[in-house]
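Visitor: According to TrEMBL:
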type   : residues : note
DOMAIN : 1-88     : domain 'S1 motif'
DOMAIN : 104-175  : domain 'S1 motif'
DOMAIN : 198-263  : domain 'S1 motif'
DOMAIN : 370-439  : domain 'S1 motif'
DOMAIN : 459-528  : domain 'S1 motif'
DOMAIN : 649-718  : domain 'S1 motif'
Amino acid sequence: MLLLGCIKEVSDYELAISLPNGLSGFVPVTQISDAYSKLLTKQVAQGELLEELNSLPEMYSPGTLVRCIVTSIEKGADGRRSVKLSIDPKKVNKGLSSTSLAAGMLLSGSVLSMEDHGYLIDIGVTGTHAFLPHQKAKNYIKAVKKGPDLKIGQNLNCLIVEVKNEGRVVCLSIERTEVAASIASERHNWALSNLLPGLVVKARVQKVAPLGMKLTFLSYFTGIVDFMHMDPEKSMSYSPDQVVKACVLSVHPTSRAVRLTLRPPFLHPGGAPRQLPGQRMGAVLEEATVKAFYKQFGAVFELDDGTLAFARLKHLSKTRKSFKPGAFKEGCKHKCRIIDYSLMDEMCVVSLKHQIIEARFLQYQDIHTGDVVQGKVLSLKPIGMQVKVADGIRGLVPSLHLSDVILKQPEKKYNVGDEVKCRVLECNPGGKKLILTLKKSLVQSKLPVLSNYEDAKPGLITHGFVVCAREFGCIVKFYNDVKGLVPKNELGSDPISCPDKVFYEGQVLKVMVLKCEPQQERLLLSFRLSSKPGPEDKWKCTPKEKQEVKYRIGEIVDVKILKKKENGLEVSILEDEDSVVAWIPTLHLSDFVATSKLLWYCLREGDVLPRVMYLSNKGEHIILSRKSAVISAVQEEQVVRSFSEIQPGMLLTGYVRNVMPFGVFVEFPFGVTGLSPKMSMSDKFVTDTKDHFVVGQTVIAKVTSIDEEKQRVLLNLKVSECSSGDSAAESFALLNQYFKELKEIRDLLKRGEPSICDLMPGKGVHLVVQDVREDGSALFSGSPVKGLTVTAIRYHLGDKNVAPGEKRKAMVLHVDALISEVYVSLREELLKKRP
């Protein structure tokens, strides 16, 4: 199908085309012309830019009318159809032959090459050479302002001035005045098989109907003008037999239906339709008046400025069921929003849907750098994640920005259809380019958004992400591709000899601006937030900003418990003038999981815990650890600070982060993580991984292999493989630490009134039988410590029959402080052995 279209947007890879009746399509870069496609192929083959190949934006401008042919209609993943077009003269003019060409004809052509006296033009007619003299092109070139010459692939509205040798040679003109004055007539011998859109004809009104008119033109052709293409100033005054000037809009090849327009800008070839003022797009109008309602199509409204707008049926109500035709009688008023502008219809497209009127974003121009947006995951690819922000607005989350840490398998965290909260890193409405980040540190940041060099005032503190760590320092990036350098001496309060081992690509950090030269786009930064700000800025560092660089991993501090929470302790670091708040997870109170729970149980708010180590800074809190083995490993430098330091055979102390059916994930200080597969977990046969390890357990792991490409570490947790040599000394050291912590717990429990710690295993006690259960076990009372459950199982009652109320002598076997239970025995052989 042949159509007249108007270029709406131009990008490097396609032309977006406005088509009649509010439709739109696109012309791929490969459908411009044969000559242009050959240049593209040559450039790809050579791998370097060709001087004679110009980009689409260098040749085409929005608002230009072009003849198009529909090549295909494609259905996208979201169910929407997209119309693929071509402006290649070989396809558009395929109905013409060399014998049908006549002087005065208007048709499309494309620049083939530049010669000494003019240009060779491809008009798509086999056996015909078309020539455009310089004299007939100079005024057009001057008006278009696209350079001193026409460019290969440039589409032109050509008027045939002369036909020679029975159509084998034609001479053309693109002079604007000559083209504008051209009118198709019977002497050009136009036939329905080669009739072209864009031709201006004199037509006679045959019939006038509510939805349009029927016209006759070029003696025996008939065509239709629909209600959207009647001249709005004369729409009520057309009558049969009236002669009007019209322009061919489309020609359907099978139904042979011809559609025309009577709108003034199309009645002179080479004209341009009116554009919508930029500020009107997306505008919400409180009252738009219904001018006409068409039950099969939609409604025409008059807007506040007197212009007309069209709303399709589906945009008149939320659903088909909620649609009420009675609400769209002439004169009725409705609230609506301008959602598009049809250049070919010179009419705004509006919607009455509440969700569209209230929508935050309608087009890329509505989105600004630094905006926090909600989106839906469309796809996951190696380059990153594609996110749908709104209808027609899509963004890309590069793989580096999928998380605060680099994800090796993002498909395990995200699924297609998931709702995600992103922040806009960069937005280019012209190129429809939207770059987003999912890094929580950036999305949740309350610090200023640095999106241009002019805003980078000395003393400003903001969040940035590391893109490069080298021996000279770190390159840190912000929004809109703004970037700066943190020199080696500004990386921290202590000297850092190897920045690439401390900082990693994608790491989000707070930085302070030291100096900026906007003209040169040079920015000097510092990670030392406690540095004094420059005199130009009164920015003050808060305690939270200072704490990030104040403590380094491995630093030992004393803390005071502020609050006991379900999964840990909130503490303040003593001898710190800023009263920095930190967090000790329950599982980091001890190397032993059971002891960790006991310690949490015994500790009270206000207690002081000495020698706690700074472990990391995740989220809002500094994370501290009291695991003795982990602290020793860090102090003795038996650790790796980055993936690059890991070597097979290394023995590393860490703690279980996660237990999965296929293996155990172990985390080490400085954030390196490894996996111990099921077969390498234990010297025993492993049926269920949860039977062997629990989250938080301190372990010694042996590195078996590393995969640098996937940044993966495989570990061995078998006791037989993870000994440094003197296994007896290691075991005694662990036992010693265990008993030391038990003594600490006992001392904590002894505070105040008699406690459960007074009931040591082996101690004799006098109890009263309270109850005998069905399973034969007995429950006792009379314990010196209140609130305890004292039990003896059937075996430990021996051969004695006990009855409620009897007094008995017993020996303490086991004390479970966490659940306040004590197990005792009445067996004679044990009581006799008691000293």
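The backbone N, Cα and C atoms fix where each Cβ goes, and this holds for glycine too.
Heads up, TrEMBL stuff is auto-annotated, nobody curated it.
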Visitor: Taking the domain 'S1 motif' (1-88) as the reference, which of 198-263, 370-439, 459-528, 649-718 gives the largest number of Cβ pairs under 8 angstroms?
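Guide: Top-ranked stretch among 198-263, 370-439, 459-528, 649-718: 198-263.
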Visitor: Compare 198-263, 370-439, 649-718 by their Cβ pairs under 8 Å to the domain 'S1 motif' (459-528) and return the stretch that comes out on top.
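Guide: Most Cβ pairs under 8 Å with the domain 'S1 motif' (459-528) come from 370-439.
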Visitor: DSSP helix, strand and coil counts for the domain 'S1 motif' (649-718)?
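Guide: So the counts come to 9 helix, 35 strand, 26 coil.
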Visitor: Give me the mean pLDDT over the domain 'S1 motif' (198-263), rounded to a whole number.
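Guide: A mean pLDDT of 86 is what the predicted model shows over the domain 'S1 motif' (198-263).
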